[in-house]
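*Asks:* What follows is a structure written as structure tokens; I'll ask about it next.
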Amino acid sequence: MAEAKTVHSPLVTYFSMLSLLTLCPPFVILLWYTMVHADGSIVQTFDYLRQHGLQGFLDIWPRPTAVAWKIIAVYAAFEAALQLLLPGKTVKGPISPAGNQPVYKANGMAAYFVTLITYLGLWWFGIFNPTVVYDHLGEIYSALIVGSFIFCIFLYIKGHVAPSSADSGSSGNIIIDFYWGMELYPRIGKDFDIKVFTNCRFGMMSWAVLALTYCIKQYEQNGKVADSMLVNTILMLVYVTKFFWWEAGYWNTMDIAHDRAGFYICWGCLVWVPSIYTSPGMYLVNHPVNLGTQLALYILVAGILCIYINYDCDRQRQEFRRTNGKCSVWGKAPSKISATYTTTSGENKTSLLLTSGWWGLSRHFHYVPEILGAFFWTVPALFNHFLPYFYVIFLTILLFDRAKRDDDRCRSKYGRYWKIYCEKVRYRIIPGIY
């Protein structure tokens, strides 16, 4: 078994884990309560807690109910079945540090459309009303907080007793192992990839499902859907559709190819994504805003443009890698750096680093349209309250940290070639600024 490499220092890991364990679960509940029961007002929630103290907080924390557990269990089983049973093209992931190359079945788009059509069909034919999900949302989040923590304990134990590949191992520190993960590619059996399930089929899929849920709830509540909710829902669905269209490319990213399956990434995908990422729509359910056709269209077009640029950045790099640099980037041959590196087994390899097109503007330019896209699907809420914009702020911090971690990893991997690359592509994220 390979020794686990720490992502951050032990001290930073302890602080991060303590913060996630103590701050994130109550924040998820407080965000839900504020959006749904406190008019989206942080001040109103603060005043309530100031008056009622800890007991008041315990009173608003919903207890997981049988209905919540049933909804989660049915949804998880349905997505797991789609992941296993739907046909899909065989795709190979990047070769791991231990020399393994994971094989995936790329059926994300099929699973996505089956999920949305099934969900809308159940509503249309009166079999299941999605408003039930909204009405039990607090209980669902409470159940996810507990259930996902137990799931992460399972991953920790599995990493010790039944690792799926040589890309696993212990750092010698139980806290680091639990937080950052024991396995890079944990699987149940040969075919069920756990990270694909947690990150893509549960986390990202729930984003689309909840976006539709909020839209349907507003319709059933008010007899119509406000243009602000339509813009928010359309943009989030376009973004998630883009994700599943590009899902095979996502399997080459840091989340899958470098970050191990631990509390940090798996709890985040199972709890944080469904609650925080969908929160602008959660707010709009009870706060419909009439933007007017012109402003709504401006925001919609701007948002779609940002999502397209984000997709095109990833497509450009993927095509560059697929053709080994023998492609066209913005109508001409790509500028590139040939970088050699040595694997953990002592084998010398070569990678091509793209330095033109979107990737010539900055080393992580694709994060710029991603952050702007999130802003455009949040701005229909306007500016009466700050909380709907929490996701945009969180995403910005997350992506800036990810860019730094990716740069540190590449610096360690490529050495002097990375220095040459950084001299050619000077800015990390924002061209001309950072």
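Residue 1 is the first one shown; counting continues down the chain.
Cβ atoms are placed via backbone N, Cα and C, with glycine included.
Take a look at what TrEMBL says about it:
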{"type": "TRANSMEM", "residues": "12-33", "note": "transmembrane segment"}
{"type": "TRANSMEM", "residues": "67-88", "note": "transmembrane segment"}
{"type": "TRANSMEM", "residues": "109-128", "note": "transmembrane segment"}
{"type": "TRANSMEM", "residues": "140-157", "note": "transmembrane segment"}
{"type": "TRANSMEM", "residues": "229-246", "note": "transmembrane segment"}
{"type": "TRANSMEM", "residues": "261-283", "note": "transmembrane segment"}
{"type": "TRANSMEM", "residues": "295-311", "note": "transmembrane segment"}
{"type": "TRANSMEM", "residues": "374-400", "note": "transmembrane segment"}
*Asks:* Take the transmembrane segment (229-246) and find every residue of the same chain, 6 or more past its ends, with a Cβ under 8 Å from one of its Cβ atoms.
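*Replies:* For the transmembrane segment (229-246), the nonlocal Cβ contacts are 108-109, 111-112, 200, 204-205, 207-208, 211-212, 214-215, 218, 278, 280-281, 284-285, 288, 291, 296, 299-300, 303-304, 307, 310-311, 314-315, 318, 373, 376-378, 380-381.
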*Asks:* Would the transmembrane segment (261-283) count as touching the transmembrane segment (374-400), i.e. at least 3 C-beta pairs under 8 angstroms with sequence separation of 6+?
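*Replies:* Stretch pair touches.
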*Asks:* Based on Cβ pairs under 8 Å, which of the stretches 12-33, 109-128, 261-283, 295-311 lies most in contact with the transmembrane segment (67-88)?
*Replies:* 109-128
*Asks:* Near the transmembrane segment (261-283), which residues from the same chain, at least 6 beyond its ends, have a CB less than 8 A from one of its CBs?
*Replies:* 7, 16-17, 20, 24-25, 28, 31-32, 35-36, 40, 137, 141, 144-145, 147-149, 151-152, 155-156, 177-186, 194-195, 198-199, 202-204, 206-207, 210-211, 214-215, 229, 232-233, 236, 255, 377-378, 380-381, 385, 387-388, 390-391, 394
